[in-house]
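According to Swiss-Prot, the protein carries these features:
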type: MOD_RES; residues: A2; note: N-acetylalanine
type: MOD_RES; residues: T124; note: phosphothreonine
type: MOD_RES; residues: T126; note: phosphothreonine
Amino acid sequence: MAEVQQLRVQEAVDAMVKSVERENIRKMQGLMFRCSANCCEDTQASMQQVHQCIERCHAPLAQAQALVTSELERFQDRLARCTMHCNDKAKDSMDAGTKELQVKRQLDSCVTKCVDDHMHLIPTMTKKMKESLSSIGK
């Protein structure tokens, strides 16, 4: 049961990441590469100046990638805390003498609720991420 829930979350997060990459990150990558190419075409610049220029071109993309990574880690941490709470409740039930099958059902139900609750957060997280990405480099 937990594997099914994990797959649901993974597919939703993968779809969100693909959307963000296609609509935001890819454009930023194009800008970064074109900007870097312009740096290299400056025949008057020193090697150090070209390097600094390329670093400046890369900064918005690096900031964007850090933002996406941070948001995904935060989401993952919240989901992990929720499922840990489910595991703790299951262990407490086992310790109290509840039958294993009943504990397994409770655990599955709890994990499903965690996943359902967190699936509802994905659209808001996506919107917030895209808004933040749009403001980077402007």
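From the backbone N, Cα and C atoms, a Cβ is placed for every residue, glycine too.
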Set of same-chain residues at least 6 away whose C-beta sits under 8 angstroms from T124 (phosphothreonine): none
Packing count at the residue listed as 'N-acetylalanine' (other Cβ atoms within 10 Å of its Cβ): 13
Length of the line joining the Cα atoms of T126 (phosphothreonine) and the residue listed as 'N-acetylalanine', in Å: 24
